[in-house]
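One structure is given here, and the rest of the page talks about it.
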Amino acid sequence: MKKLFRYAPALSGHAFQQTAMISMVPLLAATMGLPESAMGLAISLGMLCAVFVVPFIASMGGRGVVIGGLTLLLGANIALLGLVSTADATFATAVTLGLLLAIRFIQGTSVVAVVIAAQEAGTQTAGTARQGLSKVQSMSGVGRILSCLMIGPLLLISPLAPLAPGAIGAGISLVMSWRGDFPQLRPISRPPPIAMLRLPVMNQVALGAVQVGLAPLLMHRLGFTPIQAAGAASLCIAAANTGLLISAFLLAAHATRRLAKVAAVCVTLTAIGTVLTSHFGLILLCSLMFGGCSSLLFVFNLSELMTREEFAQLQVTGWNAATQIAALALGVGIGSALLVLSPAAPFAVAALCGVAMALSIPPKQRI
């Protein structure tokens with residue numbers, strides 16, 4: 001358990017920072033002198049890089065992956081803090097955007113290395129791939145929930161404060177891992193069949209689009225300021241994560257094909273409901289339901305993937321992590337690009353994903 005726990009600060013801190021950045025798109029854009037759509041696209045790029053580096057990471061060996069990944073992650077997080085604090089007064093817009101893209105690329109690449117090492121350590125500790133993956137995912141879940149609850153208070157201190165846990169967590173994990181044992185990583189030759197990943201891909205695209213669209217929608221529909229919208233969006237994401245935990249504990253283990261279809265339809269209805277309502281309490285309720293439905297769909301599909309004997313454990317965990325991150329990035333990118341049309345456009349993407357998921361539930365699952 002100790003071998004696995006040393007990754008927790010980095011993964012929780014990164015999840016904290018990722019959630020904060022997605023919620024703070026309008027505020028960060030104003031602080032750095034960038035358009036909101038460009039800011040959202042830059043944030044998504046770092047996550048999107050993950051899918052392209054997965055096949056090559058294992059060849060670096062355990063120590064190279066862990067120490068190299070954590071060192072790069074720490075450096076990128078420190079650079080991000082410096083860029084946000086000085087960009088508007090120091091650099092031209094094009095230079096600022098270029099530097100942000102470079103930082104996000106390094107973050108996305110390095111965090112995948114840490115995730116794969118943590119998942120391999122998790123499978124060795126827990127005894128099964130499913131249990132290990134669950135523990136690693138819980139680390140990021142803790143970071144997301146803490147971020148949602150603390151963004152508002154931290155913004156009262158500084159716009160930089162919600163970004164700091166990424167650097168702090170990476171530094172702590174680097175110190176904890178420096179003299180430790182490192183996992184034996186097996187080469188990843190190919191991903192699982194793409195068709196088996198369709199539900200998590202659409203699920204994460206919908207989630208990313210909704211997350212990036214929350215703050216602009218709240219500003220447009222309820223007249224919030226950028227700081228108010230960032231804080232309110234963080235509460236919505238906290239509600240979604242609460243729904244995720246409730247669903248995971250009470251519903252996911254009993255998921256059936258019919259229940260998964262109902263959950264997919266509910267994703268569509270909650271996305272539409274968020275756009276139509278002008279009451280913040282109802283938006284919170286829609287977020288709660290959205291998170292619960294997303295969790296159920298994810299576990300429903302993952303149960304099939306994790307019980308396939310022909311897939312190596314690292315192959316499953318590595319590509320599963322990359323797919324989640326890349327699909328979330330795709331959702332953030334699409335939602336950000338569509339913000340120029342309407343604040344409601346990202347929620348249309350989520351609604352369409354819900355319809356597509358309902359129509360593509362696989363016919364047989366092994367729970």
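Going from the start of the chain as shown, residues are counted 1 onward.
Glycine too: its Cβ is placed from the backbone N, Cα and C atoms.
Residues annotated as transmembrane segment in TrEMBL: 39-58 (among others).
The annotation transmembrane segment is assigned in TrEMBL to 65-85 (among others). For the transmembrane segment (65-85), the list of distant contacts is 10, 14, 17, 28, 31-32, 57-58, 96, 99-100, 103, 106-107, 109-114, 116-117, 159-160, 163-164, 166-167, 170-171, 173-174, 177-178, 182-183, 185: same-chain residues at least six beyond its ends, Cβ to Cβ under 8 Å.
Annotation comment: TrEMBL describes 91-118 (among others) as transmembrane segment.
According to TrEMBL, the feature transmembrane segment maps to 163-180 (among others).
As annotated by TrEMBL, transmembrane segment applies to 231-252 (among others). For the transmembrane segment (231-252), same-chain residues at least 6 beyond its ends with a Cβ under 8 Å from one of its own Cβ atoms are 19-20, 22-23, 141, 144-145, 147-149, 151-152, 155, 207, 211, 214-215, 218, 222, 224, 259, 280, 283-285, 287-296, 299-300.
The transmembrane segment annotation in TrEMBL covers 259-276 (among others).
TrEMBL lists 282-302 (among others) with the feature transmembrane segment.
Marked as transmembrane segment by TrEMBL: 314-338 (among others).
Outside the transmembrane segment (344-361) by six or more residues, the chain places 198-199, 202-203, 205-207, 209-210, 212-213, 217, 257, 260-261, 264-269, 271-272, 274-275, 290, 297, 300, 331, 334-336, 338 with a CB less than 8 A from a CB of the stretch. Marked as transmembrane segment by TrEMBL: 344-361 (among others).
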